[in-house]
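What TrEMBL records for this protein:
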type: REGION; residues: 19-53; note: region 'Disordered'
type: TRANSMEM; residues: 61-86; note: transmembrane segment
type: TRANSMEM; residues: 106-125; note: transmembrane segment
type: TRANSMEM; residues: 146-164; note: transmembrane segment
type: TRANSMEM; residues: 170-194; note: transmembrane segment
type: TRANSMEM; residues: 206-226; note: transmembrane segment
type: TRANSMEM; residues: 238-256; note: transmembrane segment
type: DOMAIN; residues: 309-529; note: domain 'Major facilitator superfamily (MFS) profile'
type: TRANSMEM; residues: 332-349; note: transmembrane segment
type: TRANSMEM; residues: 361-383; note: transmembrane segment
type: TRANSMEM; residues: 395-413; note: transmembrane segment
type: TRANSMEM; residues: 419-442; note: transmembrane segment
type: TRANSMEM; residues: 463-486; note: transmembrane segment
type: TRANSMEM; residues: 498-516; note: transmembrane segment
Amino acid sequence: MSSDTYRPVDVLADETTSLLDNGFNTDDNVDHSTIPNDENSQPQSARKSSMSSFKKEDEDVSIWTIGCILSTSFAYGCIMTTLFLVTLPVECQRIEDENPNVPKSVALGCFVAIAGVTQLVSPLIGMLSDTYRPPLQFQLGQRLPYLALGSICSVCGLFGEYIYSYEKLWLRYGFFFFWHMIGLNMTYAMMIALIPDQVPHSQTGVANGILALELVTGSLTGFGLFHFYFGGHVQDMYGLYICIVVISTIMTSMYAHDGDAGRMELIYSRRQSIHEFTRRQRTRQVILGPFALAKTMLWDPIRVLDRKTIVAAYTIDTQSQHDFFVVTVSRLCYYCGSSVQTFFLYFLHDIIRVSDNTESAVALLAVVSQISGALFCYPVGFVSDRFCDGRRKPFVYTACVLLGSVTFSMIFARTMNQMSILCFILGAANGSYLTMETSLAIDTLPEEYDDGPSGGHAQLLGVWGVAAFLGSALGPMVGGPLLYVVGSYGPLQENQDYSIYGYAVVLSLSTAYFLMSAISLKWVRKLGV
């Protein structure tokens with residue numbers, strides 16, 4: 001990459017200050033020359049280390065503060081689980097009732113595909129966030145502006161979904177669903193990036209335990225409100241989603257703003273240059289300021305993007321970020337293994353012989369698994385931080401072995417009681433794995449990086465997030481045909497679609513994926529993780 005590609009992003013602060021001088025700020029006494037230009041006023045080594053030296057490692061953050069900073073995960077857990085297990089299946093049934101030529105499975109598959117494509121926005125937004133330099137007058141940081149933008153997209157998308165679901169205009173519903181998913185992935189990507197930004201290394205495990213706990217409790221809250229408070233009315237869920245997104249964004253902004261803005265103040269060293277505005281100047285900033293902010297966040301960086309920059313935003317340098325690349329591959333294998341849950345509905349019907357209300361049986365097992373995960377995710381993170389010197393890999397190895405063993409044991413399960421016990425153990429292992437795997441990803445982030453399109457924390461975590469989508473998609477793509485082909489052989493009882501042979505192959509393959517997830521971590525070079 002040439003320096004010409006980086007320069008428009010690197011000198012964003014100077015361009016923005018000039019914009020404010022000409023249109024929004026008429027105070028000629030302000031000395032804008034003290035804003036450092038990353039290319040001209042800092043050597044390369046200084047610029048590399050500038051973005052990694054802002055956390056106060058000697059000051060622990062309170063559990064309440066960490067929970068509030070990561071509150072977006074509660075909204076993400078509530079929306080993503082209930083949306084695809086409750087809301088969208090009901091909406092797709094309505095689509096099929098009104099358009100018999102459109103099967104509900106096809107409609108649901110289209111929504112899942114849209115959601116998957118929108119996850120690709122995370123590395124790009126992460127790159128924009130890593131290179132963002134907000135205008136000084138707003139006293140903002142790198143993450144919260146994009147988190148707020150994502151929340152606005154989510155709320156607008158949800159409001160459109162609510163309207164067009166009521167109007168039964170499904171193409172317009174799909175359009176707003178796309179923007180809802182774009183916004184949700186933006187907010188989650190920025191929230192994840194706040195962990196390495198603001199949480200000391202000594203609390204990384206605790207923070208990710210809280211993250212997993214909020215994801216699970218958000219999911220359980222969504223299911224509980226839908227079944228017991230809303231009485232199964234899907235329309236009420238959109239209002240719940242909007243409220244949770246707004247409240248979580250406010251909480252995250254309240255508790256993360258000082259740390260996020262403080263990073264920029266250290267970069268600029270310009271606290272003394274933020275001056276008092278006259279009433280007229282303040283009014284002008286309030287009215288026109290958001291447009292200037294949107295310009296610096298989106299228009300200025302996007303208009304200079306080229307093909308190489310976009311490609312770089314979706315790549316990981318396997319040399320300088322070797323360990324992070326290995327952790328990302330491990331995550332890919334894990335989600336390939338966990339995607340076997342896609343076939344649980346069929347497994348309960350064909351093998352466990354649950355013939356009445358199979359969907360409720362799946363929901364029951366999901367609740368058992370999530371409660372178990374909520375019980376284990378935070379203690380595992382706490383133990384890792386306080387008693388194991390921040391070591392993560394032993395916990396990941398244990399979790400993967402448990403995941404593989406439980407998944408393989410399901411081949412021999414024949415009753416709901418057996419499945420409930422196995423799902424409880426599965427949930428505990430899942431909760432432990434997710435906590436430690438996220439901690440391991442943050443531990444292997446580069447301590448120093450350039451202000452380029454690749455290598456920043458948010459950009460790398462965005463690629464890491466895409467690995468989950470790829471694994472969740474590749475697992476069923478391989479397992480589905482295997483279940484169909486192999487499951488056609490063997491003894492079949494009445495109303496049984498696939499034999500135990502097909503499920504044995506799929507579950508064994510899932511076990512292999514989990515073991516591959518653990519084995520791949522042997523190539524992590526960093527010691528003490």
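Using the three backbone atoms N, Cα and C, a Cβ is placed for every residue, glycine included.
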Region pair the transmembrane segment (395-413) / the transmembrane segment (206-226), three or more CB pairs under 8 Å: no
Remote residues contacting the transmembrane segment (146-164) - C-beta distance under 8 A, at least 6 residues beyond either end: 72, 125, 128-129, 132, 170, 172-173, 175-187, 189-191, 235, 238-239, 241-242, 245-246, 249, 252-253, 294, 297
Criterion met for the transmembrane segment (238-256) and the transmembrane segment (61-86) (at least three Cβ pairs under 8 Å): yes
Distant-in-sequence neighbours of the transmembrane segment (463-486), which means Cβ under 8 A and at least six residues beyond its ends: 116, 119-120, 122-123, 126, 185, 188-189, 192, 314-316, 324, 327-329, 331-340, 342-343, 346, 441, 498-499, 501-503, 505-506, 509-510, 513
Listed stretch, out of 61-86, 106-125, 332-349, 498-516, that has the most CB pairs under 8 angstroms to the transmembrane segment (361-383): 332-349
Per Cβ pairs under 8 Å, the stretch of 61-86, 170-194, 206-226 packing most closely against the transmembrane segment (106-125): 170-194
Spatial neighbours of the transmembrane segment (206-226) far in sequence, C-beta under 8 Å, 6+ residues away: 63, 66-67, 70-71, 73-82, 86, 195, 199, 232, 236-237, 240, 244, 363, 366-367, 370-371, 373-374, 377-382, 385, 431, 434-436, 438-439, 442
Confidence summary (mean pLDDT) of the domain 'Major facilitator superfamily (MFS) profile' (309-529): 89
